[in-house]
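The domain 'Phosphatase tensin-type' annotation in TrEMBL covers 41-214. The domain 'Tyrosine specific protein phosphatases' annotation in TrEMBL covers 130-202. According to TrEMBL, the feature domain 'C2 tensin-type' maps to 223-362.
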Amino acid sequence: MFFKDLKNNIGSLANDLEGKINKNINDTVLKLKTKVSKDKNRFVDGTFNLDLTYITNRIIAMGYPSPEDDESSLWRNSRKEVRDFLELYHPDHYLILNLTENTYDSTYFNGKVYHLGFMDHHPPSMGLLLHLIQIIHHWLTSDELNVVAIHCKAGRGRTGTVICSYLLSTELYEGQIEKVLEVFANLRSATGEGVSVPSQLRYIEYVNQLATKYRDISSIQNPHKYLLKSIIVNQVPNSGGKPWNPIIKIFNTTKPLEPVLLYCNKNDPINYNHGGVLYQFNNLLLCGDIIIKVYSSKGEILIQEFLKDFFDKSTIKFGFHTSFIDNNYLDLSKSQLDSGESFLSTNEFSPDFKLRLMFTPVIDTPPVGDEFTQQISNNNNQQQL
């Protein structure tokens with residue numbers, strides 16, 4: 001009898017202990033996830049605690065859904081919990097847009113995933129951004145119950161770029177770029193932190209110009225071509241008395257995950273003049289989506305080349321599209337430049353630091369055959385008169 005009671009008591013104690021351990025583990029995991037998500041608003045109910053926010057009742061911004069066998073699921077969204085959430089609240093009516101570089105098995109979400117990624121802290125290409133807007137529009141208008149869940153890694157920069165761009169394409173928010181950015185920031189973050197990378201903000205503004213008919217969408221289908229003549233830096237950064245000899249890399253990013261290197265100035269001369277710097281180019285042809293990265297030292301470029309974009313230590317970078325260049329130049333102030341590792345916030349760069357890119361437009365001339373056909377047409381018209 002004694003041993004039977006002892007066995008029952010030990011069993012009961014073990015169950016209680018296991019329950020307490022599991023509860024402590026779950027509480028610790030939830031605290032870790034909440035800490036990692038920082039200021040971002042989370043979806044919390046009796047069943048779920050997810051880094052996930054409704055921006056509208058049909059558009060969801062969320063963090064990356066990590067697989068259960070990946071340790072990142074301890075601090076990021078669990079892929080299983082995200083699926084359970086969507087199946088519970090939006091069964092058969094959800095679509096996921098994955099904006100990261102990493103694909104995963106779409107069948108886990110019943111095939112309702114588009115993998116359309118671009119690099120972290122970078123803008124998408126205009127073609128990709130308009131394609132994403134089109135996907136969202138088609139999905140949401142095909143059934144009033146449909147919702148779209150959009151994620152990148154943290155569910156803020158790339159995710160916010162796409163969501164804000166889509167909202168600007170709707171009648172409700174057309175032309176209201178400041179309001180759209182504010183709505184996303186206030187709903188996604190408890191401290192009002194939304195899209196902050198200047199190049200991503202620039203591409204949101206591009207969509208705003210297209211939506212308000214300030215520019216024609218045909219300029220994206222047939223991008224304007226320019227020859228880059230020079231980059232003018234108004235002030236040489238303070239590098240402790242040493243000469244500032246940056247390395248400039250220029251990429252075409254029409255395919256965002258497959259950037260094409262167009263230029264690198266490792267051996268080209270740099271002209272210093274009146275406290276500024278002039279970089280001249282030998283008629284470098286640019287067309288479409290462009291990313292320019294500036295490295296302040298050879299050490300930074302060696303890190304980037306050896307470890308690729310995982311540890312890209314560019315001092316300055318910025319992206320733009322050639323169809324949005326006005327008057328053959330592009331001015332970018334300090335606040336309009338992306339800064340890796342917050343380099344631009346140091347004393348090396350004055351508050352007045354800015355760049356100017358000078359261009360010459362390339363006018364495509366029709367082939368000889370087309371000119372001949374046009375001439376015949378003109379002659380016929382004259383004869384009819």
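Just so you know, glycine gets a Cβ as well, placed from its N, Cα and C.
Mean pLDDT, taken over the domain 'Tyrosine specific protein phosphatases' (130-202), works out to 97 on the 0 to 100 scale. The domain 'Tyrosine specific protein phosphatases' (130-202): residue composition by secondary structure is 42 helix, 6 strand, 25 coil, according to DSSP.
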